[in-house]
């Protein structure tokens with residue numbers, strides 16, 4: 001031992017050193033290599049590091065974990081700690097999520113698995129146990145189907161992003177447990193039909209986006225129970241007709257977009273036309289594609305005399321649902337047998353401002369008002385450092401000495417020159 005150091009450990013200096021050792025904070029898990037960690041709230045940020053797997057030895061106290069823009073291929077049980085509130089894994093190479101991966105993340109509120117182009121299927125129990133999950137992002141993957149109970153038990157879910165997948169069909173009661181869901185994004189898929197009970201259970205739904213699919217038919221009861229829906233997008237599909245009863249089930253509807261569909265303005269259009277005569281909504285144009293003499297006209301501006309040659313409409317009791325011997329064409333409002341199917345249209349992305357017709361009344365909310373808080377997923381997946389995730393939280397501190405360390409270390413600094 002150096003003579004100077006021996007003198008430092010004797011007398012008053014030894015007491016000072018003891019105070020210093022007692023004031024040292026307990027040892028905590030280190031931050032994973034190439035990651036950045038913050039203490040308040042406990043955050044680990046590891047985005048854009050070309051990781052092929054989730055880093056080992058994540059601090060168990062982590063509440064926010066950002067792993068987006070890496071090369072992670074699979075997720076296994078035991079990888080994540082139970083204190084996680086936010087988990088971002090978008091823009092990776094995920095192809096497999098093993099059963100039980102998220103089972104013990106009972107505090108998790110946001111899970112982003114979007115923009116994983118190799119994620120083609122999910123196990124039925126993938127999200128089991130996530131009872132506090134509020135936001136689930138599965139956009140821009142390659143999902144062609146979803147298990148019937150994939151969302152079972154997600155009773156707190158409010159935002160569900162399923163856009164830009166390859167979904168061909170949605171099972172009845174797929175969303176039955178999502179009583180608190182307010183936003184459902186299904187645009188940019190390959191859906192062809194909306195069945196009778198596909199949206200059953202979504203009593204809190206406010207916004208439903210179905211544009212850019214291949215829809216040819218909507219069951220007359222498909223929207224039954226969506227009493228709070230204010231925004232419905234059905235543009236850029238292959239709809240030639242739409243049952244008026246389907247829209248009559250939407251008493252809170254504010255904004256409706258039906259443009260870029262091959263609308264048939266013959267007798268099949270009368271239920272939809274009749275609904276428009278009663279409804280007060282902000283709507284896009286509904287341009288007629290057939291018959292030739294009405295091509296280019298707006299379905300909403302047709303007159304009662306345009307339907308004089310049509311058979312009288314079948315009366316329907318309020319709240320009744322057609323069943324039994326009714327033809328599926330009538331239930332879905334599609335063309336009768338023998339009519340040529342409409343070609344699926346390409347994804348319609350950017351509507352012109354004049355596409356919406358304003359409601360009556362100067363104080364009515366605009367569509368932009370409703371979308372003010374919506375963060376587009378298209379831009380999010382391209383960010384390498386989204387929002388505050390890449391910055392230290394406002395209340396976090398850098399390498400600043402705690403109050404318990406300042407006095408002992410100051411004592412050592414003052415004594416050291418006299419003993420060395």
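Quick reminder: no glycine exception, Cβ is built from N, Cα and C everywhere.
What Swiss-Prot says about this one:
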DISULFID  31-37  disulfide bond
DISULFID  35-46  disulfide bond
DISULFID  265-288  disulfide bond
DISULFID  267-310  disulfide bond
DOMAIN    261-312  domain 'LRRCT'
REGION    315-327  region 'Important for interaction with MAG'
REPEAT    61-82  repeat 'LRR 1'
REPEAT    83-104  repeat 'LRR 2'
REPEAT    107-129  repeat 'LRR 3'
REPEAT    156-177  repeat 'LRR 5'
REPEAT    228-249  repeat 'LRR 8'
SIGNAL    1-30  signal peptide
Long-range Cβ neighbours of the repeat 'LRR 3' (107-129) (under 8 Å; 6 or more residues past either end): 68, 73, 82-95, 97, 99-101, 135-154, 161, 377, 380-381
Contacting positions for the repeat 'LRR 5' (156-177) when only residues 6+ beyond its ends and CB under 8 Å are counted: 114, 131-146, 148, 150, 183-202, 209, 377
Among 31, 37, 46, 310 [disulfide-bonded residues], residue with fewest other Cβ within 10 Å: 310
Candidate with the highest Cβ count within 10 Å, taken from the disulfide-bonded residues 35, 265, 267, 288: 265
DSSP state at residue 267 (disulfide bond), helix/strand/coil: helix
For the repeat 'LRR 1' (61-82), the number of residues DSSP places in helix, strand and coil: 0 helix, 5 strand, 17 coil
Nearest-integer angstrom distance between the alpha carbons (Cα) of residue 288 (disulfide bond) and residue 267 (disulfide bond): 12
Distance from residue 310 (disulfide bond) back to residue 37 (disulfide bond), taken between C-alpha atoms, in Å: 70
Rounded distance in angstrom between the Cα atoms of residue 35 (disulfide bond) and residue 265 (disulfide bond): 60
Secondary structure content, the repeat 'LRR 3' (107-129) (per DSSP, counts of residues): 0 helix, 3 strand, 20 coil
Cα-to-Cα gap, residue 46 (disulfide bond) vs residue 31 (disulfide bond), nearest whole Å: 10
